[in-house]
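Working notes, beginning with the structure itself.
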Amino acid sequence: MNLHEYQAKELLASYGLPVQGGILAHNGEEAAAAYDKLGGKFAVVKAQVHAGGRGKAGGVKVVKSREKAKEVAESLIGTNLVTYQTDANGQPVNSVLVCEDMYPVQTELYLGAVVDRSTRRVTFMASTEGGVEIEKVAAETPEKIFKVTVDPLVGLQPCQAREVAFQLGLKDKQINEFAKLMTGAYKAFVENDFALFEVNPLAVRENGALACVDGKIGIDSNALYRLPKIAELRDKSQENERELKASEFDLNYVALEGKIGCMVNGAGLAMATMDIIKLKGGQPANFLDVGGGATKDRVVEAFKLILEDKSVKGVLINIFGGIVRCDMIAEAIVAAVKEINVNVPVVVRLEGNNAELGAKILNESGLKLTSADGLNDAAEKIVAAVNA
(Lines of atoms letter the chains of each structure in order from A and count residues from 1; the text may use other names and numbers.)
(Lines give C-alpha, C1' and ligand atoms only; values in the text may rest on other atoms or scores of the structure.)
Protein backbone atom coordinates (compact mmCIF):
# COMPACT_ATOMS: atom_id res chain seq x y z
CA MET A 1 0.00 0.00 0.00
CA ASN A 2 1.38 3.39 -1.00
CA LEU A 3 1.04 6.65 0.88
CA HIS A 4 0.57 10.10 -0.58
CA GLU A 5 3.39 12.59 -0.14
CA TYR A 6 1.48 14.56 2.50
CA GLN A 7 0.77 11.37 4.46
CA ALA A 8 4.39 10.27 4.22
CA LYS A 9 5.62 13.65 5.46
CA GLU A 10 3.21 13.64 8.40
CA LEU A 11 4.35 10.16 9.40
CA LEU A 12 8.05 11.00 9.06
CA ALA A 13 7.60 14.25 11.01
CA SER A 14 6.12 12.24 13.89
CA TYR A 15 9.48 10.42 14.07
CA GLY A 16 11.44 13.65 14.26
CA LEU A 17 12.43 14.05 10.62
CA PRO A 18 12.61 17.67 9.41
CA VAL A 19 10.09 17.89 6.57
CA GLN A 20 9.21 20.72 4.24
CA GLY A 21 6.14 22.55 5.46
CA GLY A 22 2.99 22.12 3.44
CA ILE A 23 -0.79 22.42 3.56
CA LEU A 24 -3.22 20.05 1.85
CA ALA A 25 -5.85 21.63 -0.39
CA HIS A 26 -8.90 20.03 -2.01
CA ASN A 27 -9.90 23.01 -4.17
CA GLY A 28 -8.62 26.30 -5.51
CA GLU A 29 -9.81 28.41 -2.58
CA GLU A 30 -8.04 26.16 -0.09
CA ALA A 31 -4.87 26.34 -2.18
CA ALA A 32 -5.00 30.15 -2.22
CA ALA A 33 -5.53 30.22 1.56
CA ALA A 34 -2.62 27.81 2.00
CA TYR A 35 -0.38 30.09 -0.06
CA ASP A 36 -1.25 33.03 2.18
CA LYS A 37 -0.64 31.02 5.33
CA LEU A 38 2.79 29.81 4.20
CA GLY A 39 3.79 33.41 3.54
CA GLY A 40 6.83 32.87 1.34
CA LYS A 41 7.98 34.53 -1.88
CA PHE A 42 6.65 31.53 -3.74
CA ALA A 43 5.17 28.09 -3.11
CA VAL A 44 5.12 24.74 -4.87
CA VAL A 45 1.80 23.09 -5.73
CA LYS A 46 2.11 19.30 -5.97
CA ALA A 47 -0.54 16.93 -7.27
CA GLN A 48 -1.14 14.11 -4.78
CA VAL A 49 -1.08 10.83 -6.70
CA HIS A 50 0.55 7.44 -6.17
CA ALA A 51 3.09 7.84 -8.96
CA GLY A 52 6.53 9.24 -9.59
CA GLY A 53 7.44 11.54 -12.44
CA ARG A 54 4.91 14.18 -11.39
CA GLY A 55 7.17 17.10 -12.26
CA LYS A 56 7.75 16.08 -15.87
CA ALA A 57 4.03 15.36 -16.25
CA GLY A 58 3.00 18.84 -15.11
CA GLY A 59 1.92 17.78 -11.65
CA VAL A 60 4.37 20.03 -9.77
CA LYS A 61 4.21 23.79 -10.34
CA VAL A 62 5.95 26.79 -8.76
CA VAL A 63 3.52 29.64 -8.02
CA LYS A 64 4.27 33.21 -6.96
CA SER A 65 0.81 34.48 -6.01
CA ARG A 66 -2.35 33.27 -4.33
CA GLU A 67 -4.21 33.68 -7.63
CA LYS A 68 -1.72 31.42 -9.40
CA ALA A 69 -1.93 28.87 -6.57
CA LYS A 70 -5.70 28.79 -7.02
CA GLU A 71 -5.41 28.54 -10.80
CA VAL A 72 -2.91 25.66 -10.72
CA ALA A 73 -4.88 23.76 -8.07
CA GLU A 74 -8.09 24.06 -10.08
CA SER A 75 -6.30 22.90 -13.23
CA LEU A 76 -5.06 19.74 -11.45
CA ILE A 77 -7.83 18.70 -9.06
CA GLY A 78 -10.45 16.55 -10.74
CA THR A 79 -8.15 15.49 -13.57
CA ASN A 80 -6.05 12.38 -14.14
CA LEU A 81 -2.28 12.80 -14.11
CA VAL A 82 -0.43 10.60 -16.59
CA THR A 83 3.24 9.92 -15.79
CA TYR A 84 5.77 7.34 -16.90
CA GLN A 85 4.74 5.25 -13.88
CA THR A 86 0.99 5.18 -14.65
CA ASP A 87 -1.04 3.57 -17.41
CA ALA A 88 -2.56 5.59 -20.23
CA ASN A 89 -5.50 6.61 -18.02
CA GLY A 90 -3.29 8.09 -15.31
CA GLN A 91 -4.13 8.58 -11.64
CA PRO A 92 -6.94 10.81 -10.32
CA VAL A 93 -5.88 14.02 -8.58
CA ASN A 94 -8.18 14.62 -5.62
CA SER A 95 -5.97 17.08 -3.74
CA VAL A 96 -2.77 19.10 -3.96
CA LEU A 97 -0.07 19.84 -1.42
CA VAL A 98 0.94 23.50 -1.26
CA CYS A 99 4.55 23.48 -0.03
CA GLU A 100 6.65 26.24 1.49
CA ASP A 101 9.41 28.18 -0.25
CA MET A 102 12.75 26.42 0.46
CA TYR A 103 14.97 27.30 -2.47
CA PRO A 104 17.73 28.04 -3.29
CA VAL A 105 19.56 25.32 -1.34
CA GLN A 106 23.23 24.37 -0.98
CA THR A 107 22.79 20.88 -2.38
CA GLU A 108 20.32 18.03 -2.82
CA LEU A 109 20.95 14.55 -1.44
CA TYR A 110 19.14 11.23 -1.60
CA LEU A 111 18.19 8.83 1.20
CA GLY A 112 16.16 5.66 0.78
CA ALA A 113 15.65 2.22 2.29
CA VAL A 114 14.20 -1.11 1.20
CA VAL A 115 14.06 -4.68 2.47
CA ASP A 116 16.96 -6.31 0.61
CA ARG A 117 15.85 -9.83 -0.31
CA SER A 118 19.42 -11.05 -0.76
CA THR A 119 20.49 -10.13 2.78
CA ARG A 120 16.96 -10.29 4.25
CA ARG A 121 17.64 -7.05 6.06
CA VAL A 122 16.76 -3.38 5.80
CA THR A 123 19.28 -1.67 3.55
CA PHE A 124 19.72 2.09 3.38
CA MET A 125 20.92 3.81 0.23
CA ALA A 126 22.29 7.34 0.13
CA SER A 127 23.70 9.48 -2.63
CA THR A 128 25.00 12.96 -3.33
CA GLU A 129 22.90 12.88 -6.52
CA GLY A 130 19.61 14.03 -5.01
CA GLY A 131 16.73 15.23 -7.14
CA VAL A 132 17.56 12.58 -9.76
CA GLU A 133 15.84 9.20 -10.15
CA ILE A 134 17.93 6.74 -8.15
CA GLU A 135 17.56 4.13 -10.90
CA LYS A 136 19.35 6.52 -13.27
CA VAL A 137 22.15 7.08 -10.75
CA ALA A 138 22.50 3.31 -10.24
CA ALA A 139 22.78 2.77 -13.98
CA GLU A 140 25.13 5.64 -14.84
CA THR A 141 27.19 6.36 -11.70
CA PRO A 142 26.72 3.46 -9.25
CA GLU A 143 29.82 4.51 -7.31
CA LYS A 144 27.83 7.51 -6.05
CA ILE A 145 25.41 5.30 -4.11
CA PHE A 146 26.41 4.32 -0.58
CA LYS A 147 24.71 1.35 1.07
CA VAL A 148 24.30 0.37 4.71
CA THR A 149 22.79 -2.94 5.80
CA VAL A 150 21.16 -2.95 9.23
CA ASP A 151 21.44 -5.91 11.59
CA PRO A 152 17.88 -6.44 12.90
CA LEU A 153 19.16 -7.67 16.27
CA VAL A 154 20.87 -4.38 17.15
CA GLY A 155 19.20 -1.92 14.79
CA LEU A 156 20.80 1.02 13.03
CA GLN A 157 23.94 2.06 14.90
CA PRO A 158 24.95 5.74 15.31
CA CYS A 159 28.34 4.98 13.77
CA GLN A 160 26.62 3.68 10.62
CA ALA A 161 24.55 6.85 10.28
CA ARG A 162 27.60 9.06 10.86
CA GLU A 163 29.58 7.13 8.24
CA VAL A 164 26.84 7.83 5.69
CA ALA A 165 26.90 11.51 6.67
CA PHE A 166 30.66 11.62 6.03
CA GLN A 167 30.16 9.95 2.63
CA LEU A 168 27.59 12.61 1.73
CA GLY A 169 30.02 15.39 2.58
CA LEU A 170 28.12 16.69 5.59
CA LYS A 171 30.05 18.53 8.29
CA ASP A 172 29.91 19.65 11.90
CA LYS A 173 26.34 19.88 13.26
CA GLN A 174 24.95 18.41 10.06
CA ILE A 175 26.47 15.02 10.92
CA ASN A 176 24.50 14.64 14.15
CA GLU A 177 21.41 16.10 12.49
CA PHE A 178 21.64 13.54 9.71
CA ALA A 179 22.28 10.70 12.18
CA LYS A 180 19.12 11.67 14.05
CA LEU A 181 17.18 11.83 10.78
CA MET A 182 18.41 8.43 9.59
CA THR A 183 17.75 6.83 12.99
CA GLY A 184 14.20 8.20 12.96
CA ALA A 185 13.69 6.88 9.45
CA TYR A 186 14.81 3.40 10.50
CA LYS A 187 12.50 3.43 13.51
CA ALA A 188 9.58 4.50 11.30
CA PHE A 189 10.50 1.80 8.76
CA VAL A 190 10.48 -1.02 11.31
CA GLU A 191 7.51 0.09 13.41
CA ASN A 192 5.26 0.65 10.39
CA ASP A 193 6.37 -2.27 8.20
CA PHE A 194 7.66 -0.17 5.33
CA ALA A 195 8.47 -1.93 2.09
CA LEU A 196 9.97 1.26 0.67
CA PHE A 197 11.19 4.56 2.09
CA GLU A 198 12.56 7.41 0.02
CA VAL A 199 13.40 11.06 0.53
CA ASN A 200 14.40 12.62 -2.77
CA PRO A 201 15.60 15.24 -2.50
CA LEU A 202 16.95 15.63 1.00
CA ALA A 203 17.93 19.28 0.82
CA VAL A 204 20.78 21.03 2.59
CA ARG A 205 19.39 24.54 3.04
CA GLU A 206 21.43 27.73 2.80
CA ASN A 207 21.62 27.88 6.60
CA GLY A 208 23.02 24.33 6.62
CA ALA A 209 19.88 22.66 7.99
CA LEU A 210 18.49 19.48 6.45
CA ALA A 211 14.94 19.16 5.12
CA CYS A 212 12.94 16.37 3.49
CA VAL A 213 11.52 18.07 0.40
CA ASP A 214 9.69 14.97 -0.80
CA GLY A 215 8.66 11.72 0.84
CA LYS A 216 7.73 8.36 -0.61
CA ILE A 217 6.57 5.42 1.51
CA GLY A 218 5.27 2.01 0.55
CA ILE A 219 3.74 -0.22 3.24
CA ASP A 220 3.88 -4.02 3.25
CA SER A 221 0.22 -4.84 2.61
CA ASN A 222 0.60 -8.16 4.43
CA ALA A 223 1.15 -6.21 7.66
CA LEU A 224 -1.92 -3.96 7.47
CA TYR A 225 -3.85 -6.18 9.89
CA ARG A 226 -1.60 -4.94 12.69
CA LEU A 227 -1.41 -1.33 11.46
CA PRO A 228 -4.98 -0.03 11.84
CA LYS A 229 -3.98 3.65 11.77
CA ILE A 230 -1.87 3.16 8.66
CA ALA A 231 -4.66 1.17 6.99
CA GLU A 232 -6.96 4.20 7.41
CA LEU A 233 -4.63 6.15 5.10
CA ARG A 234 -5.39 3.89 2.14
CA ASP A 235 -6.66 5.82 -0.88
CA LYS A 236 -8.64 3.35 -2.97
CA SER A 237 -9.15 5.91 -5.73
CA GLN A 238 -5.47 5.44 -6.63
CA GLU A 239 -5.84 1.70 -7.14
CA ASN A 240 -6.92 -0.20 -10.23
CA GLU A 241 -10.64 -0.99 -9.85
CA ARG A 242 -10.22 -4.63 -10.81
CA GLU A 243 -7.22 -5.06 -8.52
CA LEU A 244 -9.22 -3.50 -5.69
CA LYS A 245 -12.16 -5.82 -6.30
CA ALA A 246 -9.80 -8.81 -6.48
CA SER A 247 -8.40 -8.02 -3.04
CA GLU A 248 -11.91 -8.27 -1.59
CA PHE A 249 -12.03 -11.93 -2.68
CA ASP A 250 -8.40 -12.68 -1.72
CA LEU A 251 -7.41 -12.93 -5.37
CA ASN A 252 -3.97 -11.71 -6.40
CA TYR A 253 -4.65 -9.70 -9.55
CA VAL A 254 -2.48 -7.31 -11.55
CA ALA A 255 -3.85 -5.70 -14.70
CA LEU A 256 -1.64 -5.78 -17.81
CA GLU A 257 -2.17 -4.63 -21.39
CA GLY A 258 -2.52 -7.83 -23.44
CA LYS A 259 -5.44 -9.79 -24.89
CA ILE A 260 -5.16 -13.16 -23.12
CA GLY A 261 -6.70 -13.38 -19.66
CA CYS A 262 -4.94 -15.76 -17.27
CA MET A 263 -6.39 -17.69 -14.32
CA VAL A 264 -3.80 -19.73 -12.44
CA ASN A 265 -3.28 -21.18 -8.96
CA GLY A 266 0.12 -20.24 -7.58
CA ALA A 267 2.22 -17.14 -8.22
CA GLY A 268 5.15 -19.03 -9.72
CA LEU A 269 2.93 -20.97 -12.09
CA ALA A 270 1.16 -17.73 -13.02
CA MET A 271 4.45 -16.09 -13.98
CA ALA A 272 5.48 -19.15 -15.97
CA THR A 273 2.12 -19.04 -17.75
CA MET A 274 2.62 -15.42 -18.74
CA ASP A 275 6.14 -16.20 -19.94
CA ILE A 276 5.03 -19.01 -22.24
CA ILE A 277 2.17 -16.90 -23.63
CA LYS A 278 4.77 -14.29 -24.59
CA LEU A 279 7.02 -17.02 -25.99
CA LYS A 280 4.21 -18.19 -28.27
CA GLY A 281 3.56 -14.68 -29.57
CA GLY A 282 0.69 -13.63 -27.30
CA GLN A 283 0.30 -10.92 -24.68
CA PRO A 284 -1.11 -11.64 -21.19
CA ALA A 285 -3.89 -9.30 -20.08
CA ASN A 286 -3.35 -9.91 -16.40
CA PHE A 287 -1.64 -11.78 -13.60
CA LEU A 288 -4.27 -13.66 -11.59
CA ASP A 289 -3.49 -16.12 -8.82
CA VAL A 290 -6.65 -17.71 -7.40
CA GLY A 291 -4.60 -19.36 -4.65
CA GLY A 292 -4.90 -22.80 -3.13
CA GLY A 293 -8.54 -22.51 -2.07
CA ALA A 294 -10.05 -22.09 -5.52
CA THR A 295 -13.78 -22.50 -4.82
CA LYS A 296 -16.62 -22.01 -7.29
CA ASP A 297 -17.31 -18.51 -5.96
CA ARG A 298 -13.68 -17.48 -6.37
CA VAL A 299 -13.51 -18.91 -9.88
CA VAL A 300 -16.70 -17.01 -10.80
CA GLU A 301 -15.25 -13.77 -9.44
CA ALA A 302 -11.98 -14.45 -11.22
CA PHE A 303 -13.84 -14.85 -14.53
CA LYS A 304 -15.76 -11.63 -13.90
CA LEU A 305 -12.54 -9.74 -13.21
CA ILE A 306 -10.88 -11.03 -16.35
CA LEU A 307 -13.86 -10.33 -18.60
CA GLU A 308 -14.42 -6.82 -17.24
CA ASP A 309 -11.31 -5.98 -19.23
CA LYS A 310 -12.78 -5.40 -22.70
CA SER A 311 -9.41 -6.01 -24.34
CA VAL A 312 -9.52 -9.69 -23.32
CA LYS A 313 -10.13 -11.90 -26.37
CA GLY A 314 -9.45 -15.27 -24.76
CA VAL A 315 -8.81 -16.93 -21.39
CA LEU A 316 -6.19 -19.48 -20.40
CA ILE A 317 -6.87 -21.42 -17.20
CA ASN A 318 -3.83 -23.24 -15.85
CA ILE A 319 -4.41 -25.29 -12.69
CA PHE A 320 -2.08 -27.67 -10.91
CA GLY A 321 -4.07 -29.88 -8.56
CA GLY A 322 -2.39 -30.53 -5.26
CA ILE A 323 -4.51 -30.07 -2.18
CA VAL A 324 -7.22 -28.72 -4.49
CA ARG A 325 -8.58 -31.49 -6.76
CA CYS A 326 -8.76 -30.86 -10.50
CA ASP A 327 -12.29 -32.32 -10.71
CA MET A 328 -13.50 -29.76 -8.18
CA ILE A 329 -11.84 -26.97 -10.17
CA ALA A 330 -13.40 -28.30 -13.38
CA GLU A 331 -16.86 -28.24 -11.78
CA ALA A 332 -16.26 -24.68 -10.64
CA ILE A 333 -15.14 -23.66 -14.14
CA VAL A 334 -18.23 -25.22 -15.73
CA ALA A 335 -20.52 -23.54 -13.21
CA ALA A 336 -18.79 -20.19 -13.67
CA VAL A 337 -18.97 -20.30 -17.47
CA LYS A 338 -22.69 -21.13 -17.31
CA GLU A 339 -23.38 -18.38 -14.79
CA ILE A 340 -21.64 -15.49 -16.51
CA ASN A 341 -22.04 -16.47 -20.18
CA VAL A 342 -18.41 -16.41 -21.26
CA ASN A 343 -18.26 -15.57 -24.98
CA VAL A 344 -14.50 -15.72 -25.65
CA PRO A 345 -12.35 -18.82 -26.25
CA VAL A 346 -11.36 -20.62 -23.04
CA VAL A 347 -8.46 -23.07 -22.94
CA VAL A 348 -8.04 -25.17 -19.79
CA ARG A 349 -4.94 -27.07 -18.70
CA LEU A 350 -5.34 -29.32 -15.66
CA GLU A 351 -2.49 -31.30 -14.13
CA GLY A 352 -2.13 -33.21 -10.89
CA ASN A 353 -4.73 -34.53 -8.46
CA ASN A 354 -7.71 -36.00 -10.42
CA ALA A 355 -6.63 -34.24 -13.65
CA GLU A 356 -8.18 -36.93 -15.89
CA LEU A 357 -11.51 -36.71 -14.10
CA GLY A 358 -11.37 -32.92 -14.38
CA ALA A 359 -10.75 -33.10 -18.13
CA LYS A 360 -13.69 -35.50 -18.49
CA ILE A 361 -16.00 -33.07 -16.70
CA LEU A 362 -14.93 -30.28 -19.04
CA ASN A 363 -15.31 -32.39 -22.18
CA GLU A 364 -18.79 -33.62 -21.19
CA SER A 365 -20.07 -30.20 -20.15
CA GLY A 366 -21.26 -29.27 -23.64
CA LEU A 367 -19.57 -25.89 -23.28
CA LYS A 368 -16.99 -24.37 -25.60
CA LEU A 369 -14.05 -25.25 -23.37
CA THR A 370 -10.84 -26.48 -24.96
CA SER A 371 -8.72 -28.95 -22.98
CA ALA A 372 -4.95 -28.84 -23.35
CA ASP A 373 -2.28 -31.49 -22.89
CA GLY A 374 0.41 -29.59 -21.06
CA LEU A 375 1.31 -25.94 -20.73
CA ASN A 376 3.00 -25.71 -24.12
CA ASP A 377 -0.12 -27.01 -25.86
CA ALA A 378 -2.33 -24.69 -23.82
CA ALA A 379 -0.34 -21.60 -24.78
CA GLU A 380 -0.32 -22.53 -28.46
CA LYS A 381 -4.08 -23.12 -28.47
CA ILE A 382 -5.05 -19.87 -26.74
CA VAL A 383 -2.71 -17.74 -28.88
CA ALA A 384 -4.10 -19.38 -32.03
CA ALA A 385 -7.69 -18.85 -30.86
CA VAL A 386 -7.13 -15.18 -30.07
CA ASN A 387 -5.37 -14.53 -33.38
CA ALA A 388 -7.95 -16.44 -35.44
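Any Cβ shown, glycine's included, is placed from N, Cα and C.
Of the residues Asn252, Asn265, Asn387, Swiss-Prot places Asn265 in the same substrate site as Gly322, Ile323, Val324. Asn265 (substrate binding site) sits 35 Å from Gly53 (ATP binding site), taking the CA atoms of both as reference points. The secondary structure of Arg54 (ATP binding site), as reduced to three states from DSSP, is coil rather than helix or strand. Looking only at the binding-site residues Asn200, Asp214, Gly322, Val324, the one with its C-alpha closest to Lys46 (ATP binding site) is Asp214.
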